[in-house]
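Annotated features in TrEMBL:
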type	residues	note
TRANSMEM	A:23-44	transmembrane segment
TRANSMEM	A:50-69	transmembrane segment
TRANSMEM	A:81-99	transmembrane segment
TRANSMEM	A:124-141	transmembrane segment
TRANSMEM	A:150-168	transmembrane segment
TRANSMEM	A:188-205	transmembrane segment
TRANSMEM	A:226-244	transmembrane segment
TRANSMEM	A:250-266	transmembrane segment
TRANSMEM	A:273-293	transmembrane segment
TRANSMEM	A:347-368	transmembrane segment
TRANSMEM	A:389-413	transmembrane segment
TRANSMEM	A:419-441	transmembrane segment
Amino acid sequence: MSVVTNTTTIGAIDAPSRRNTELMLLGIAVAIAVFAYVNVGLAIDGKLPAGVFGYTAGITLLAAVAHLVVRKFAKYADPLLLPLAVVLNGIGLVMIWRLDQSKRLIKRAEAAWGSFSPDAPKQMLYSAIGIALFVGVLVLLKDHRILQRYTYISMAVALVLLVLPMFFPARNGARIWISLGPINIQPGEFAKIIIAVFFSGYLMVKRDALALASRRFLGLYLPRGRDLGPILVVWAMSILILVFETDLGTSLLFFGMFVIMLYVATERTSWIVFGLLMSGVGAVGVASISPHVGARVDAWLDPFDCATAACDQVSNSIMSFGAGGTLGTGLGQGNSDLIGFATNSDFILATVGEEFGLAGMMAFLMLYGLIVERGIRTALAARDPFGKLLAVGLSGAFAIQVFVVAGGVMGLIPLTGMTMPFVAAGGSSVIANWALIAILIRISDTARRPAPAPAPSSDAEMTQVVRP
Amino acid sequence: MNKPLRRIAIFCGLLVLALLVRANWLQYVEAEKLNTHDKNRRVLIERYADERGNIIVDGKPITGSVKTDSADFAYKRTYVNGPMWAPVTGYASQVFGANQLEKLEDGILTGNSDQLFFDRTMAMFTDDEKKGGNVVTTLNGAAQKAAFEGLGSKKGAVAAIDPKTGKILALASTPSYDPGAFAGSATADETAWAKLSSKDNKEKPMLNRALREVYPPGSVFKVVTAAAALEHGKVDDINAKTDTEEPYILPTTRTPMKNMVRGCENATLKYALQISCNSVFAKLGDEVGRDKMLETVKKFGFNNDELDTPVRAAMSRYNESMDRPGNSLSSIGQFDTATTPLQMAMVAAAIANDGKLMKPYMVDQLVAPNLDVISKTKPQEMSRPLSSENAQLVRDMMENVVENGGGRKAALGDGVKVGGKTGTAQHGEKNSKRPYAWFISYAMTDDGSPVAVAVVVEDSGASREDISGGGLAAPIAKDVMKAVLDSKR
């Protein structure tokens, strides 16, 4: 680490690449996932699950490919990010497979659609596509700064992605899907990354104007109108998403991400005050108008005393956590499938809570926390403002998403209907999050890469570098 | 840009910390509350996850469990002769909850009780399937059958007690219901439940009439008044003429007390009970007075709202604040007096047991799945409503009722002495409704009394003139007593 503070007078010392650490952690991650899979099989059927070799081979292969690509194309990357993603994805697969075995959910699906199709094989396929995208990003994106060139294209793409679902029919109360034949895509998950690229590019250019060209008013720095414009646009956009797509989670995510990045770019606390004020006004306004959001707020305030579907889900989810207790019921032995709808997607954390117990939940939350903090560590280490902003934007978005989903299913905040990254069933989510991890790994590789050896300089010995 | 970055790192850390705190709150602090929440379906799932223990009568189970293919409930409750035993077992339904013994002893029956902790732990090591314990009742199958079949299609109830111990021997109520009809969670179960529990169902099949319904006792209450008069020294000689005018005018009023029979003027106490004179007992009640009457009826178990068998019986009542004419009318079982069949069986039992009232109970033992006895109920004396000598005097009078009075149909012969009292309780405004036919009795052998019974027939097809305790209720009491005596031999 010490060599990262780069001065040309000191020669580069080769930093450890930490690739072997990553390999060892990956081995542990794969082992945990495989053990969990075997455990579920033994608990439900009393014998090894039929797919144990396929699953082991599949997840080992995916981890190995990802590791080799990192070793080749991002030699100095943070060694924790990949194993953390693998263990979450692996356990997520096990939980989805475990819920596929639930008689209750099978009966429910047969009653609703006439047939039941397991989600685990699909999730395995999506994970493979996700890893493929991960490989693609690392191979094609040699330097994250290339993304700067696409600042405004990113904005256009993100806007299109966010607006598109309005033209598709609502599913389960929210317009967050694009349906192309058999494929359903949740564009919000991808927009999260693309909009982070746009914010980074835009703020890197405008940060001085935003930070300095402002008037002081009541102890706050009020920005100039023309600099405030984009912020109002984002605010309006997140409200629009909320109103037309009734997607509280996504709008909160974008707005939160933008506030974080603005704050980091300008180093002005006033932006946070504005951000909180505006999101507060927006949220209260929409909650009192939209019945969908209003119902969720009611469900949050008193999940046991209302009759809506959201209430039923939240109260059952909370009881799942209670049933887990300190040590959990054991894998495959809980009743989290009582939640019924969205058990293996939005509410999958309830299954974790019930079957792993409090101990498992804390470990699980720490895994997410570690991903976030490694992302921010990457931002700290990055040498270019664009990389810093992009890393903190992505990590912040990840953190907010985890908080919003987990807080929702635990009844800490109103339910919003986003997916738990890597764990929840859902193609868009798992693919997009693998891309997110790939970009973080790329930035961390650049940040930790030892500086190239300085060109020999005849002045070097005479120059004293005085650092503040 | 690093300073705000560090702050963001702290902010994200706080988000995770908030989630950790919430997880601890839900899974540690609130866990117990959530796990016992009414809406928590896991409670029900757990209740039927394993084979439920049984309720036992005469060494044989009257309940059972069958495996089902429901996603939620592995087992379903079944009942042997459900309608006959429903007043004892109650029901245990996957959807509609449980009541009576099924509910009160749920911990033992499911095997989740702390008392079974050791068994559960052992089962874990020996890899046995978890099973519930059994509840052994005090009931007598033959007596129950006699009671239930005696009531037949009539509406009514029977309670029978072993006077020496307080063991409940029979507890029947008609019309009854089959708790097995809605034990499951299918549509048929729902329909059955809706039909049975509907407020429009005038038959009220789910009402446990033996324990949970109070009736005006009518003339059978005269036994209590006689006991009170003897206890408080208002009468010494049951064969001495009483000073009762005809017609007797209720105290402080001008209302004459009607007698249904002739010959009550100055009748002896013994004869007054034999032919059931209202005037004699109304006057006697007035002479004893409300407070002393209360003293005695409370000793018999009236005005006690916590009589647990362990299923709680409804409170039998004798008004504590009525005026003199009210007390007079109450002394012949009218006005405000109301009682459960169980309470009247307790009265007969105390008299048969030399004045000693034993606390009625119907759970004899709780047994672990491996047949170890976890707890056994010990007979418990509740009170002494009358002295041994006075009990003997009341028995003389009651036996006279069976020998020479309206209780002839309860006589058993075979050297078994039977004492009884009939009652025809009028009720409704101006006595417009069909009267209730009552009969209480006990059987007495050389080694004491093995059974005391109370029978009430609420409604029957018989025409109004034919309704009488002696005609309708006494034969049922006789069959029940006979069943108990036969099973003792």
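Easy rule for this one: first residue shown is 1, then count along the chain.
Cβ atoms are placed via backbone N, Cα and C, with glycine included.
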Using a Cβ-Cβ cut-off of under 8 Å, list the residues of the same chain that are 6+ residues beyond the ends of the transmembrane segment (A:23-44) and lie near it. 52, 55-56, 59-60, 63, 67, 79-80, 82-84, 86-87, 90-91, 93-94, 97-98, 101, 330-333
Out of A:81-99, A:150-168, A:389-413, which stretch has the largest tally of CB pairs under 8 angstroms to the transmembrane segment (A:419-441)? A:81-99
The transmembrane segment (A:50-69): which same-chain residues, six or more beyond its ends, come within Cβ distance under 8 Å? 19, 22-23, 26, 29-30, 33-34, 37-38, 41, 82, 86, 90, 93, 97, 124, 127-128, 131, 134-135, 138-139
What parts of the chain pack near the transmembrane segment (A:150-168), using Cβ distances under 8 Å and only residues at least 6 beyond its ends? 175-179, 187-188, 190-191, 194-195, 197-198, 200-202, 205, 237, 241, 244-245, 250
Does the transmembrane segment (A:347-368) make contact with the transmembrane segment (A:81-99) through 3 or more Cβ pairs under 8 Å, each pair 6 or more apart in sequence? yes
Do any residues of this chain, six or more beyond the ends of the transmembrane segment (A:250-266), have a C-beta under 8 angstroms from a C-beta of it, and if so which? 162, 176, 188, 191-192, 195-196, 199-200, 203-204, 206-207, 210-211, 231, 234-235, 237-239, 241-242, 272, 275-276, 278-279, 282-283, 379, 385, 388-389, 392-393, 396-397, 400-401, 404, 416, 418
